[in-house]
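The following features are taken from TrEMBL:
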type     : residues      : note
ACT_SITE : 362           : active site, proton acceptor
BINDING  : 361, 365, 384 : Zn(2+) binding site
DOMAIN   : 72-254        : domain 'Aminopeptidase N-like N-terminal'
DOMAIN   : 289-494       : domain 'Peptidase M1 membrane alanine aminopeptidase'
DOMAIN   : 610-930       : domain 'ERAP1-like C-terminal'
SIGNAL   : 1-38          : signal peptide
SITE     : 446           : site 'Transition state stabilizer'
């Protein structure tokens, strides 16, 4: 809160310009507020049950969600941020639609100093009484006369606050120029519930309205917002006021404005939309790739969705201080600098892939989320699952050279990791308070959402799916939706009532359907109940494990919930409608079957050597091959692994190791399957092999078992040695080949594989001798930096280069390399500096802490740091945020001892609800550590025996 003295200074100085705008109105407000005897508060008879406002009076609303008696139509918002005093003033006029007679308007405001509140009614201007209830971030505006149903009114509020120290609301940011000057900016991040910290508003997604925004600034800055600027007005005191065009109807969380000294570059799309990239002046030369990508992708979506992008411009701004990856504000999307800036000489193949994906994600939101918005945050997945899914659909078509399909499975594996715990939640799940809402921004909403949409697309066919989602967008433009609206739009897409004659693709598809017998698909389109199928995937948590047992021509199927727990009861009562796909040794044809019951039986035309279910992992489920099933698959992989696709092989690796955790498969069976990886070259299968094998020795690092730990490390290096030796130390090849090269060389250097360490040491020394001017191939820099950071001199040199580099991707690789150094004093210093935020950005703190926690020399340091700075971090990054969740689970998910579990329980158990005790990520941390302990207790003897047996076998072969 701003002190009264500061507020008085503001109103008497240059910052009082906003007040000047409303001075004529204030002159008439000489009549003090005095409620008439007829004025009523809702539930006045039950005043004793109502919350108590800050002034001790009953607050007339007792729910977290706002009432719908009054809704906003239009906001006229004037904001004046002062980048010297780091505060802001503002005035908002909100046009209201009254749906029921009332004398109370309930809206949101958080940590704002509110003043000059009055009602503009047909009969004149009246002062309103204001009550505040900070617990729910609510204001009550009380009128001495009734607001009559059907009439339009306006409320006027002046407000003031400090620019936020966090990364949300209207917050301050800064950057350092190459000459060392620190420059300040102010930008917004309002999703999910932070617009209320910047101006009084109805801060829920269903309260859509139009916004007309004015921003007061100094001449040395520029202002940008959702819409184009229409004029600039000179004000007394040398200030300027930018007036922006009125927005389309949208939710408060999509409002955005930035005051900065950014520069921009622009192009126009084929559809006439102006695209601009904004960045700090010294980095504007790194924006060309993002600009071209944004133009290409916006044109793609314009055509794919068959709905013109409705705004005249789309800005993309690279913000130096930004907590999340990016934000889809309508017409002004915001990004981390690493998510937008690309240097062709210094950025890697994975940088290009990452930047293109994040732009594709945010631009997809301009339709999914902005044009059509979920009614409430319980259905956040309708925004985020779709945007994540559309990343892959759009890039597969617009950037085929990126081979984006090679990376989709990883999203499903990540989702299954959290969805396999008792603490998971349905994709669509009830939420109410801001912490619960923040927790919805997780792998379930994003990645599981994308994976079940991919499954549905495969089930319906891509053509039918596209027609259905276009129908959904057209039907609900500028509205709010729930799950069922989507399922209805994807049902009966060729019904005569809804046929889009103007869309050629739709009419051609439906004409073709009429001429087909329907036998080629597993359903009759007119009978398909999409909602019944998809409700089983969105309204219950978890995912199914399908057990397959082949007996001759008979295939017996059963389903149950896959759950990592000692207690089987949470998995009871779950049933999914599962679109199964499978292929066999007898045919390359993909066969389909919709499993609706707990058990069922399929009959094959002939007996087969093997059967593979979940072809290319198009479905969000795991498969257990009972009886001789796994043995037949191991035999296939050992003798002819290319009979299955790379995605099928990655899927099998994932499933077999995950089944060890629930004791469906023995560890030695999974390890026997892994032996085929010595001949694997496809990125998804290779990285999934690492993903299953590396955590085994990471768990051992937390226990005193060096001999077995080193045996396991040696096994992995030996397994991939041929592939590692094939890697050239340059930037040649496709994106997938280049990403895989970086991965393999980094792993082999971390694991001290002698040829890698020798080469990386030589290159680091040459680079250091050139004072960092020597050009290193981009793909190998991580491996080189990691080796260099092992010595104090190398670490210090790397840090100096980090400090002065303007290439964000290079800084990111240097930072990661420094965090995996064995030098504990450096690791501790790095975390401390990231918290301070001057030399290393605080936005990078979570990544630094989690990297240190994965370092065998740093995991205890990271845990100590997390505990010591917990209260600072939850204030900076916000309770329930994905950042806090990432910190909690990232730091603890490799602990494997009861002592560490007790320590984790002791710390998190000491918290209050206000400091995070109820967060889902804490339960996830407990469950994960418990699962690790169970796994180690059960499987360590098996692992030891299998590695000993393999070593004897290898030794015998060498003789």
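A Cβ is built for glycine as well, from the same backbone N, Cα and C atoms used for every other residue.
In the structure as shown, the Cβ atom of residue 361 (Zn(2+) binding site) sits within 10 Å of 26 other Cβ atoms. Within 8 Å of the centroid of the Cβ atoms of 361, 365, 384, where the record puts Zn(2+), the same chain has further Cβ atoms from 328, 362, 364, 368, 369, 383, 386, 387, 388, 390, 446. For the pair residue 365 (Zn(2+) binding site) and residue 446 (site 'Transition state stabilizer'), the Cα-Cα distance reads 13 Å.
Around the Cβ of residue 384 (Zn(2+) binding site), a 10 Å sphere holds 24 further Cβ atoms from the protein chains shown.
Counting in whole angstrom, residue 384 (Zn(2+) binding site) lies 10 from residue 362 (active site, proton acceptor) by their C-alpha atoms. Non-local neighbourhood of the residue listed as 'active site, proton acceptor': 316, 326, 327, 328, 333, 335, 387, each in the same chain, at least six residues away, with C-beta under 8 Å from its C-beta.
Around the Cβ of residue 446 (site 'Transition state stabilizer'), the same chain contributes 381, 384, 385, 388, 411, 415, each under 8 angstroms and 6 or more positions distant in sequence. Mean model confidence of the domain 'Aminopeptidase N-like N-terminal' (72-254) amounts to 97 (pLDDT, 0 to 100 scale).
There are 25 other Cβ atoms within 10 Å of the Cβ belonging to residue 365 (Zn(2+) binding site).
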